[in-house]
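Trainee: Structure incoming, see below.
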Amino acid sequence: MAPGTMPLSCCRAMPKMGDGAKKPASETAPEQRWKLQVFYLCFYGFMTQIRPGESFITPYLLGADKNFTKAEVTNMITPVLSYSYMAVLVPIFLLTDYLRYKPVLVLQSLSHISIWLLLVLGTSVLAMQLMEFFYGITMAARIAYSSYIFSLVAPSRYQRMASYSRSAVLLGVFTSSVLGQLCVTLGGISFLTLNYVSLGFVSFGLILTLFLERPRRSMFFNRPGEAGEAAAPTELDRMAIGDGSGDARGWRDMVLCRMLRELGALARQPQLRLWSLWWVFNSAGYYLMLYYAHILWNEISPTTDNRRVYNGGVDAASTLLGAVASFAAGYMKIRWTLWSELVIGVVTAFQAGLLLLMNSTTNIWLCYAAYILFRGSHQLLVPIAIFQIATSLSKELCALVFGVNTFFATVLKTIITIIVADKRGLGLSVHPQFYVYFGYFTLLAVVYLLAAVAVGVRHSRRGQPAELALAKGPCQLPVEVPAEEKSPEVGTVRA
């Protein structure tokens with residue numbers, strides 16, 4: 001059984017009874033163990049992000065080293081990333097839990113090695129498409145790292161430990177981008193050499209992965225079952241008891257079906273529905289912009305001098321701004337049941353304007369600035385969405401909701417890619433693509449702002465009867481505020 005606060009407090013209360021003097025040492029050992037595990041996991045998360053060549057993959061493919069055309073990179077190579085991610089997302093989501101995290105992390109490390117081997121050795125479009133396929137696997141496998149932490153600590157520590165692991169990843173991305181930019185600008189290192197350096201780092205990441213401890217339990221498929229692993233009943237456990245089935249495999253099937261049905265009922269909650277839709281639609285557009293932004297930069301400022309390519313610095317700045325925005329979101333104290341649609345609408349309209357600026361300017365620095373602000377504005381809303389979705393859900397339902405949202409966002413992103421970018425669809429070059437993305441975000445902004453107007457009108461109408469009741473005198477009872485307007489955390493958002 002995992003150490004809890006009660007056994008520790010009892011030991012402190014009776015230090016001289018029987019073997020009470022030995023209990024603190026025996027209880028301290030497991031506590032020190034999970035702390036070391038968390039530290040190692042955060043170190044692992046930091047080191048696996050050190051890939052200094054990642055920010056320069058697009059100029060590397062378009063440059064003299066590989067000499068692919070812009071049409072090949074835009075319409076034949078990059079679209080494979082969306083297809084690969086959609087194809088492997090659900091299998092990896094399930095295998096992560098079933099295999100208890102570590103095997104999927106090993107797969108992710110092997111995929112990273114495959115990416116840089118193909119970048120260094122590959123010369124054909126097919127090799128680069130295979131590289132994008134492995135890139136999709138690494139993206140889908142990120143769920144293994146983000147959920148691994150929950151198998152190490154008690155539920156009371158989830159929020160703090162998740163922030164530690166997330167901070168380690170962001171710090172790794174920032175360090176990697178800065179390192180890559182310094183190597184290119186100050187060191188004059190070629191993109192090919194930078195990719196060899198990245199290959200060395202990802203190979204070291206594989207070694208770190210092998211020393212991760214494989215957890216004995218996971219969220220869905222490997223619940224604690226022995227007496228020594230007793231735990232408080234979870235959503236899955238309660239549903240399993242309700243099903244009353246003796247066959248373990250049968251009740252798992254029943255539980256997943258019931259959880260999916262419960263998701264349908266949860267979709268009626270206005271805030272959960274709104275922020276889930278934001279996650280699906282805005283995330284799809286956000287990642288499409290990310291995939292093609294580097295190609296746009298090369299279009300605006302084509303150069304053969306690697307020292308004048310600042311992709312790493314821009315990625316570092318956008319990562320830093322995103323981290324600051326995420327932190328600032330925790331201090332936004334507004335009534336989200338009333339203002340959510342307006343906030344989302346204003347931010348989305350701002351993003352649409354940034355996309356138009358990126359696509360219409362001929363100044364690469366303006367394009368860089370718009371990209372940084374676009375990513376920062378998206379990261380501002382991510383922790384708010386996480387809190388608004390997760391605040392009323394169990395851990396299992398929360399994981400399922402985010403999994404479903406991510407899947408639908410991936411499907412939408414893939415559909416747009418097939419129509420807009422793929423050579424079998426419209427096969428648009430990068431500038432017309434960004435006009436499409438501008439129109440997409442403009443449409444979303446209009447819908448959100450119209451919804452905000454509707455919420456405002458509905459709220460004002462609800463306020464009128466209360467004002468009339470108060471005007472009639474103290475004898476009249478005020479009209480009760482509708483349930484959906486009551487929020488236990490109306491002004492609180494936790495990053």
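Cβ from N, Cα, C; glycine included.
Annotations per TrEMBL:
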| type | residues | note |
| --- | --- | --- |
| TRANSMEM | 76-95 | transmembrane segment |
| TRANSMEM | 104-127 | transmembrane segment |
| TRANSMEM | 167-187 | transmembrane segment |
| TRANSMEM | 193-212 | transmembrane segment |
| TRANSMEM | 277-297 | transmembrane segment |
| TRANSMEM | 309-331 | transmembrane segment |
| TRANSMEM | 338-357 | transmembrane segment |
| TRANSMEM | 363-387 | transmembrane segment |
| TRANSMEM | 399-422 | transmembrane segment |
| TRANSMEM | 434-457 | transmembrane segment |
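Walk me through where these features lie, including what they touch and how far apart they are.
Mentor: Taking Cβ pairs closer than 8 Å, the transmembrane segment (76-95) reaches residues 61, 68, 103-104, 107, 125, 128-129, 132-137, 139-141, 143-144, 291-292, 295, 403, 406-407, 410-411, 413-414, 417-418, 421-423 in its own chain, all 6 or more past its ends.
Distant neighbours of the transmembrane segment (167-187): 42-43, 45-56, 145, 194, 197, 306-307, 309-313, 315-316, 319-320, 322-323; these residues of the same chain sit at least 6 beyond its ends, with a Cβ under 8 Å from one of its Cβ atoms.
Remote same-chain residues near the transmembrane segment (193-212) are listed as 40-41, 43-44, 47-48, 50-54, 56, 60, 102, 105-106, 108-110, 112-113, 115-117, 119-120, 148, 180, 183-184 (criterion: CB distance under 8 Å, separation of at least six residues from the stretch ends).
Beyond its flanks by at least six residues, the transmembrane segment (277-297) meets 55, 57-59, 62, 70, 73-74, 78, 81-82, 311, 344, 348, 355, 358-359, 364, 367-368, 371, 374-375, 378, 381, 385, 389, 402, 405-406, 408-410, 412-413, 416-417, 421, 430-431, 433-434, 437, 440-441, 444 of its own chain at Cβ-Cβ distances under 8 Å.
Listed as Cβ neighbours of the transmembrane segment (309-331) (distance under 8 Å, sequence separation of 6 or more from its ends, same chain) are residues 52, 55-56, 58-59, 167, 170, 173-174, 177-182, 184-185, 294, 297, 303, 368, 371-373, 375-384, 493-495.
Non-local neighbours of the transmembrane segment (338-357) in the same chain are 271, 274-275, 278, 282, 289, 366-367, 370-371, 373-374, 377-378, 380-381, 388, 434, 437-438, 441-442, 444-445, 448-449, 451-452, 455-456, 459, 485; each lies 6+ residues outside the stretch with a CB under 8 Å from one of its CB atoms.
Within its own chain, the transmembrane segment (399-422) has Cβ neighbours under 8 Å at 74-75, 78-79, 82-83, 85-86, 89-90, 93, 143, 147, 219-220, 259-260, 263, 266, 272, 276, 279-281, 283-284, 287-288, 292, 386, 389-390, 393, 428, 433, 436, 440, counting only residues six or more beyond its boundaries.
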Trainee: Would you kindly list the residues that approach the transmembrane segment (434-457) from elsewhere in its chain, counting only those six or more residues past its ends and only Cβ-Cβ distances under 8 Å?
Mentor: 274, 281-282, 285, 288-289, 292, 296, 338-339, 341-342, 344-346, 348-349, 351-352, 355-356, 358-359, 416, 420, 428
Trainee: Under 8 Å between C-beta atoms and at least six residues away from its ends: which parts of the chain pack against the transmembrane segment (104-127)?
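Mentor: Same-chain contacts beyond the flanks: 48, 51, 53, 57, 60, 66, 68, 72, 76-77, 92, 95-96, 134-135, 137-138, 141-145, 148, 192, 195-196, 198-199, 202-203, 205-206, 209-210, 212.
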